[in-house]
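In Swiss-Prot this protein carries:
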ACT_SITE  196  active site, proton acceptor
BINDING   19, 40, 41, 113, 145, 260, 282, 283  NADPH binding site
BINDING   113, 141, 196, 249, 259, 260, 261  sn-glycerol 3-phosphate binding site
(Lines of atoms letter the chains of each structure in order from A and count residues from 1; the text may use other names and numbers.)
(Lines give C-alpha, C1' and ligand atoms only; values in the text may rest on other atoms or scores of the structure.)
Protein backbone atom coordinates (compact mmCIF):
# COMPACT_ATOMS: atom_id res chain seq x y z
CA UNK A 1 0.00 0.00 0.00
CA UNK A 2 2.82 2.42 0.86
CA UNK A 3 4.14 2.02 -2.66
CA UNK A 4 0.85 3.42 -4.02
CA UNK A 5 0.76 6.51 -1.82
CA UNK A 6 0.05 8.89 -4.74
CA UNK A 7 -3.04 7.01 -5.90
CA UNK A 8 -6.12 5.99 -3.97
CA UNK A 9 -5.79 2.57 -2.32
CA UNK A 10 -8.06 -0.19 -3.53
CA UNK A 11 -10.47 -0.88 -0.68
CA UNK A 12 -12.80 -3.88 -0.52
CA UNK A 13 -15.44 -4.15 2.20
CA UNK A 14 -16.47 -7.77 2.75
CA UNK A 15 -20.03 -7.92 4.06
CA UNK A 16 -22.97 -5.89 2.77
CA UNK A 17 -24.74 -5.52 6.10
CA UNK A 18 -25.50 -2.12 7.58
CA UNK A 19 -22.03 -1.44 8.96
CA UNK A 20 -20.15 -2.71 5.91
CA UNK A 21 -22.37 -0.63 3.65
CA UNK A 22 -21.82 2.47 5.80
CA UNK A 23 -18.04 2.06 5.79
CA UNK A 24 -17.97 1.54 2.03
CA UNK A 25 -20.10 4.66 1.55
CA UNK A 26 -17.72 6.83 3.57
CA UNK A 27 -14.65 5.50 1.77
CA UNK A 28 -16.27 5.78 -1.68
CA UNK A 29 -17.25 9.42 -1.12
CA UNK A 30 -13.61 10.52 -1.25
CA UNK A 31 -11.95 11.89 -4.39
CA UNK A 32 -10.57 9.24 -6.76
CA UNK A 33 -11.85 6.50 -4.45
CA UNK A 34 -11.54 2.86 -5.49
CA UNK A 35 -14.01 1.02 -3.27
CA UNK A 36 -15.93 -2.22 -3.73
CA UNK A 37 -18.69 -3.56 -1.48
CA UNK A 38 -18.54 -7.36 -1.62
CA UNK A 39 -21.89 -9.00 -0.90
CA UNK A 40 -22.37 -12.68 -0.15
CA UNK A 41 -25.26 -12.97 -2.62
CA UNK A 42 -25.34 -11.63 -6.17
CA UNK A 43 -29.00 -10.66 -5.68
CA UNK A 44 -27.95 -8.18 -2.98
CA UNK A 45 -25.16 -6.73 -5.12
CA UNK A 46 -27.48 -6.42 -8.13
CA UNK A 47 -30.14 -4.60 -6.11
CA UNK A 48 -27.56 -2.10 -4.85
CA UNK A 49 -26.39 -1.50 -8.42
CA UNK A 50 -29.97 -0.99 -9.61
CA UNK A 51 -31.07 1.42 -6.87
CA UNK A 52 -27.86 3.06 -5.68
CA UNK A 53 -28.95 2.15 -2.15
CA UNK A 54 -28.92 -0.84 0.17
CA UNK A 55 -32.49 -0.58 1.36
CA UNK A 56 -32.40 -4.01 2.99
CA UNK A 57 -30.19 -2.63 5.78
CA UNK A 58 -30.04 1.17 5.36
CA UNK A 59 -33.38 2.14 3.81
CA UNK A 60 -33.56 5.44 1.98
CA UNK A 61 -29.88 6.35 2.30
CA UNK A 62 -28.25 7.02 -1.09
CA UNK A 63 -24.78 5.58 -1.68
CA UNK A 64 -21.95 7.29 -3.60
CA UNK A 65 -22.23 6.81 -7.38
CA UNK A 66 -18.64 5.57 -7.63
CA UNK A 67 -19.15 2.66 -5.23
CA UNK A 68 -18.75 -0.72 -6.97
CA UNK A 69 -20.85 -3.75 -5.98
CA UNK A 70 -19.79 -7.36 -6.40
CA UNK A 71 -20.40 -10.88 -5.12
CA UNK A 72 -17.25 -12.38 -6.63
CA UNK A 73 -14.12 -13.16 -4.61
CA UNK A 74 -12.08 -11.96 -7.59
CA UNK A 75 -12.94 -8.42 -6.48
CA UNK A 76 -10.37 -8.89 -3.70
CA UNK A 77 -7.46 -9.28 -6.09
CA UNK A 78 -4.91 -6.48 -5.74
CA UNK A 79 -6.83 -4.95 -2.82
CA UNK A 80 -4.69 -2.76 -0.56
CA UNK A 81 -7.18 -2.70 2.32
CA UNK A 82 -9.78 -5.38 3.08
CA UNK A 83 -12.43 -4.64 5.71
CA UNK A 84 -14.13 -7.67 7.28
CA UNK A 85 -17.59 -6.35 8.18
CA UNK A 86 -19.43 -9.57 8.93
CA UNK A 87 -20.47 -10.91 12.40
CA UNK A 88 -17.73 -12.18 14.70
CA UNK A 89 -18.72 -15.83 14.48
CA UNK A 90 -18.46 -15.73 10.66
CA UNK A 91 -14.90 -14.41 10.54
CA UNK A 92 -13.06 -17.73 10.39
CA UNK A 93 -15.20 -19.17 7.60
CA UNK A 94 -15.01 -15.91 5.66
CA UNK A 95 -11.23 -15.82 5.98
CA UNK A 96 -10.99 -19.38 4.71
CA UNK A 97 -13.35 -18.66 1.83
CA UNK A 98 -11.86 -15.35 0.69
CA UNK A 99 -8.27 -15.88 1.83
CA UNK A 100 -6.93 -17.27 -1.46
CA UNK A 101 -8.01 -14.06 -3.25
CA UNK A 102 -6.46 -11.69 -0.69
CA UNK A 103 -2.95 -10.62 -1.67
CA UNK A 104 0.01 -11.06 0.65
CA UNK A 105 0.54 -7.29 0.93
CA UNK A 106 -3.07 -6.46 1.82
CA UNK A 107 -3.99 -5.05 5.21
CA UNK A 108 -7.02 -6.88 6.60
CA UNK A 109 -9.15 -5.06 9.19
CA UNK A 110 -11.84 -6.63 11.34
CA UNK A 111 -14.78 -4.30 11.94
CA UNK A 112 -16.77 -6.64 14.20
CA UNK A 113 -17.10 -6.23 17.95
CA UNK A 114 -16.83 -9.65 19.52
CA UNK A 115 -14.73 -12.73 20.19
CA UNK A 116 -14.87 -16.19 18.68
CA UNK A 117 -17.17 -18.19 20.93
CA UNK A 118 -15.69 -21.64 20.32
CA UNK A 119 -12.09 -20.64 21.08
CA UNK A 120 -12.33 -17.39 23.05
CA UNK A 121 -9.88 -15.85 20.59
CA UNK A 122 -9.76 -12.24 19.54
CA UNK A 123 -10.80 -11.76 15.93
CA UNK A 124 -7.35 -10.49 14.97
CA UNK A 125 -5.93 -13.78 16.25
CA UNK A 126 -8.46 -15.69 14.16
CA UNK A 127 -7.49 -13.70 11.07
CA UNK A 128 -3.77 -14.16 11.71
CA UNK A 129 -4.32 -17.92 11.91
CA UNK A 130 -6.34 -18.09 8.72
CA UNK A 131 -4.50 -15.39 6.73
CA UNK A 132 -0.84 -15.93 7.59
CA UNK A 133 1.53 -13.18 6.54
CA UNK A 134 -1.15 -10.50 6.19
CA UNK A 135 -1.08 -7.40 8.34
CA UNK A 136 -4.14 -7.36 10.59
CA UNK A 137 -5.92 -4.39 12.18
CA UNK A 138 -9.18 -3.59 13.94
CA UNK A 139 -11.74 -0.78 13.57
CA UNK A 140 -13.98 -0.08 16.55
CA UNK A 141 -15.60 2.67 18.58
CA UNK A 142 -18.91 4.54 18.92
CA UNK A 143 -20.59 4.63 15.54
CA UNK A 144 -23.97 3.43 14.32
CA UNK A 145 -24.20 2.48 10.66
CA UNK A 146 -27.12 4.79 9.88
CA UNK A 147 -25.31 7.78 11.40
CA UNK A 148 -22.11 7.05 9.46
CA UNK A 149 -23.89 6.50 6.15
CA UNK A 150 -26.03 9.62 6.64
CA UNK A 151 -22.95 11.79 7.07
CA UNK A 152 -23.47 12.56 10.75
CA UNK A 153 -20.19 13.36 12.58
CA UNK A 154 -18.63 10.16 13.93
CA UNK A 155 -15.25 9.37 15.50
CA UNK A 156 -13.87 5.85 15.91
CA UNK A 157 -10.51 4.11 16.39
CA UNK A 158 -8.37 2.00 14.06
CA UNK A 159 -5.62 -0.09 15.66
CA UNK A 160 -2.66 -2.04 14.38
CA UNK A 161 0.55 -3.13 16.14
CA UNK A 162 2.54 -0.89 13.80
CA UNK A 163 1.50 2.72 14.42
CA UNK A 164 2.56 3.67 10.89
CA UNK A 165 0.04 1.19 9.48
CA UNK A 166 -2.68 2.42 11.85
CA UNK A 167 -2.04 5.99 10.72
CA UNK A 168 -2.05 4.94 7.06
CA UNK A 169 -5.39 3.21 7.55
CA UNK A 170 -6.85 6.21 9.38
CA UNK A 171 -5.88 8.50 6.52
CA UNK A 172 -7.25 6.13 3.88
CA UNK A 173 -10.61 5.51 5.56
CA UNK A 174 -11.44 8.82 7.26
CA UNK A 175 -13.85 11.15 5.50
CA UNK A 176 -15.41 14.59 5.78
CA UNK A 177 -17.68 13.54 8.66
CA UNK A 178 -15.95 10.30 9.67
CA UNK A 179 -12.74 10.55 11.70
CA UNK A 180 -10.52 7.64 12.69
CA UNK A 181 -7.93 7.90 15.44
CA UNK A 182 -4.94 5.54 15.05
CA UNK A 183 -3.89 3.32 17.95
CA UNK A 184 -1.28 0.63 18.59
CA UNK A 185 -3.43 -1.10 21.25
CA UNK A 186 -5.12 -3.70 19.09
CA UNK A 187 -6.04 -5.86 22.09
CA UNK A 188 -7.63 -3.08 24.13
CA UNK A 189 -9.58 -1.67 21.19
CA UNK A 190 -11.02 -5.09 20.34
CA UNK A 191 -11.96 -6.00 23.88
CA UNK A 192 -13.58 -2.63 24.51
CA UNK A 193 -15.84 -3.23 21.52
CA UNK A 194 -16.73 -6.74 22.64
CA UNK A 195 -17.31 -6.03 26.33
CA UNK A 196 -19.38 -2.88 25.86
CA UNK A 197 -21.95 -5.06 24.08
CA UNK A 198 -22.23 -7.23 27.19
CA UNK A 199 -22.75 -4.17 29.36
CA UNK A 200 -25.31 -2.78 26.90
CA UNK A 201 -27.33 -5.97 27.37
CA UNK A 202 -27.11 -5.44 31.14
CA UNK A 203 -28.36 -1.87 30.78
CA UNK A 204 -31.17 -3.08 28.55
CA UNK A 205 -32.18 -5.63 31.17
CA UNK A 206 -32.33 -2.84 33.74
CA UNK A 207 -34.54 -0.76 31.44
CA UNK A 208 -36.78 -3.66 30.48
CA UNK A 209 -37.26 -4.65 34.11
CA UNK A 210 -38.07 -1.05 35.07
CA UNK A 211 -35.22 -0.78 37.57
CA UNK A 212 -34.53 2.91 36.98
CA UNK A 213 -31.78 5.21 35.74
CA UNK A 214 -29.78 4.97 38.97
CA UNK A 215 -29.30 1.26 38.34
CA UNK A 216 -28.24 1.97 34.75
CA UNK A 217 -25.63 4.49 35.95
CA UNK A 218 -24.28 1.97 38.46
CA UNK A 219 -24.01 -0.69 35.76
CA UNK A 220 -22.17 1.62 33.37
CA UNK A 221 -19.62 2.67 35.99
CA UNK A 222 -19.10 -0.76 37.55
CA UNK A 223 -19.11 -2.33 34.11
CA UNK A 224 -16.37 0.05 33.02
CA UNK A 225 -14.30 -1.17 35.98
CA UNK A 226 -14.83 -4.77 34.83
CA UNK A 227 -13.84 -3.83 31.30
CA UNK A 228 -10.65 -2.22 32.57
CA UNK A 229 -9.64 -5.24 34.66
CA UNK A 230 -10.22 -7.62 31.77
CA UNK A 231 -8.45 -5.51 29.16
CA UNK A 232 -5.37 -4.91 31.30
CA UNK A 233 -5.19 -8.60 32.25
CA UNK A 234 -5.26 -9.51 28.56
CA UNK A 235 -2.42 -7.12 27.74
CA UNK A 236 -4.37 -4.05 26.70
CA UNK A 237 -3.81 -0.51 27.96
CA UNK A 238 -5.84 1.21 30.67
CA UNK A 239 -5.90 4.45 28.65
CA UNK A 240 -7.77 2.64 25.87
CA UNK A 241 -10.62 1.90 28.26
CA UNK A 242 -11.17 5.62 28.79
CA UNK A 243 -11.14 6.38 25.07
CA UNK A 244 -13.52 6.09 22.15
CA UNK A 245 -13.36 2.29 21.86
CA UNK A 246 -14.01 1.83 25.58
CA UNK A 247 -16.02 4.43 27.47
CA UNK A 248 -17.18 6.18 24.30
CA UNK A 249 -18.64 3.06 22.75
CA UNK A 250 -20.09 1.91 26.07
CA UNK A 251 -21.98 5.16 26.63
CA UNK A 252 -23.42 5.10 23.10
CA UNK A 253 -24.43 1.44 23.10
CA UNK A 254 -25.80 1.43 26.63
CA UNK A 255 -28.06 4.46 26.14
CA UNK A 256 -29.30 4.47 22.53
CA UNK A 257 -32.18 2.39 21.24
CA UNK A 258 -30.36 2.10 17.92
CA UNK A 259 -28.27 -0.51 19.74
CA UNK A 260 -29.37 -4.08 19.02
CA UNK A 261 -27.63 -5.22 22.19
CA UNK A 262 -29.59 -2.74 24.31
CA UNK A 263 -32.86 -3.79 22.66
CA UNK A 264 -31.99 -7.45 23.23
CA UNK A 265 -31.43 -6.68 26.91
CA UNK A 266 -34.72 -4.79 27.16
CA UNK A 267 -36.54 -7.87 25.86
CA UNK A 268 -34.73 -10.02 28.42
CA UNK A 269 -35.64 -7.60 31.20
CA UNK A 270 -39.32 -7.73 30.27
CA UNK A 271 -39.48 -11.53 29.89
CA UNK A 272 -37.21 -12.43 32.81
CA UNK A 273 -34.98 -14.84 30.90
CA UNK A 274 -33.77 -15.59 27.39
CA UNK A 275 -36.02 -17.54 25.07
CA UNK A 276 -34.74 -21.09 24.76
CA UNK A 277 -32.87 -21.67 21.52
CA UNK A 278 -33.23 -18.06 20.41
CA UNK A 279 -31.80 -17.49 16.96
CA UNK A 280 -31.69 -13.73 17.46
CA UNK A 281 -28.56 -13.62 19.62
CA UNK A 282 -26.55 -10.43 19.29
CA UNK A 283 -22.77 -9.96 19.53
CA UNK A 284 -22.96 -9.24 23.25
CA UNK A 285 -24.67 -12.57 23.96
CA UNK A 286 -21.71 -14.46 22.49
CA UNK A 287 -19.16 -12.13 24.11
CA UNK A 288 -20.73 -12.55 27.57
CA UNK A 289 -20.23 -16.30 27.49
CA UNK A 290 -16.64 -16.03 26.25
CA UNK A 291 -15.66 -13.23 28.64
CA UNK A 292 -17.15 -15.01 31.66
CA UNK A 293 -15.30 -18.20 30.76
CA UNK A 294 -11.97 -16.45 30.22
CA UNK A 295 -12.39 -14.29 33.34
CA UNK A 296 -12.97 -17.41 35.43
CA UNK A 297 -9.84 -19.05 34.05
CA UNK A 298 -7.73 -15.94 34.73
CA UNK A 299 -9.26 -15.15 38.12
CA UNK A 300 -10.69 -11.80 37.00
CA UNK A 301 -13.69 -10.56 38.98
CA UNK A 302 -16.52 -9.73 36.55
CA UNK A 303 -19.87 -10.15 38.34
CA UNK A 304 -21.94 -8.10 35.87
CA UNK A 305 -20.58 -9.99 32.88
CA UNK A 306 -21.13 -13.32 34.63
CA UNK A 307 -24.72 -12.35 35.45
CA UNK A 308 -25.44 -11.41 31.83
CA UNK A 309 -23.94 -14.69 30.61
CA UNK A 310 -26.07 -16.67 33.07
CA UNK A 311 -29.27 -14.85 32.04
CA UNK A 312 -28.56 -15.26 28.31
CA UNK A 313 -27.79 -18.96 28.82
CA UNK A 314 -31.07 -19.38 30.72
CA UNK A 315 -29.30 -20.41 33.94
CA UNK A 316 -30.53 -17.45 35.95
CA UNK A 317 -33.57 -15.20 35.84
CA UNK A 318 -33.29 -11.43 36.13
CA UNK A 319 -34.54 -11.17 39.69
CA UNK A 320 -32.13 -13.84 40.94
CA UNK A 321 -29.23 -12.19 39.13
CA UNK A 322 -30.10 -8.83 40.69
CA UNK A 323 -30.27 -10.37 44.16
CA UNK A 324 -26.84 -11.94 43.67
CA UNK A 325 -25.29 -8.65 42.53
CA UNK A 326 -26.82 -6.61 45.34
CA UNK A 327 -25.87 -9.12 48.05
CA UNK A 328 -22.17 -9.22 47.16
CA UNK A 329 -19.79 -8.36 50.03
CA UNK A 330 -19.25 -4.63 50.56
CA UNK A 331 -15.87 -3.53 49.20
CA UNK A 332 -14.06 -0.26 48.49
CA UNK A 333 -14.73 1.15 45.03
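Each Cβ is built from the backbone N, Cα and C atoms, and glycine gets one as well.
Everything Swiss-Prot records as a feature, shown here on the structure.
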{"residue": "19", "record": "NADPH binding site", "Cβ contacts under 8 Å, 6 or more apart": "85, 111, 145, 148"}
{"residue": "40", "record": "NADPH binding site", "Cβ contacts under 8 Å, 6 or more apart": "15, 16, 71"}
{"residue": "41", "record": "NADPH binding site", "Cβ contacts under 8 Å, 6 or more apart": "71"}
{"residue": "113", "record": "NADPH binding site", "Cβ contacts under 8 Å, 6 or more apart": "88, 140, 190, 193, 194, 196, 197, 249, 283, 287"}
{"residue": "259", "record": "sn-glycerol 3-phosphate binding site", "Cβ contacts under 8 Å, 6 or more apart": "144, 200, 204, 252, 253"}
{"residue": "261", "record": "sn-glycerol 3-phosphate binding site", "Cβ contacts under 8 Å, 6 or more apart": "197, 198, 200, 201, 204, 253, 282, 283, 284"}
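Cβ environment of residue 260 (NADPH binding site): 282, 283 lie under 8 Å away, each six or more residues apart in the same chain. Of all Cβ atoms in the shown protein chains, 21 besides its own fall within 10 Å of the Cβ of residue 145 (NADPH binding site). If you take the C-beta of residue 141 (sn-glycerol 3-phosphate binding site) and look for same-chain residues 6 or more apart in sequence within under 8 angstroms, you find 155, 156, 157, 189, 193, 244, 245, 248, 249. The Cβ neighbour count for residue 196 (active site, proton acceptor), using a 10 Å radius and every protein chain shown, is 33.
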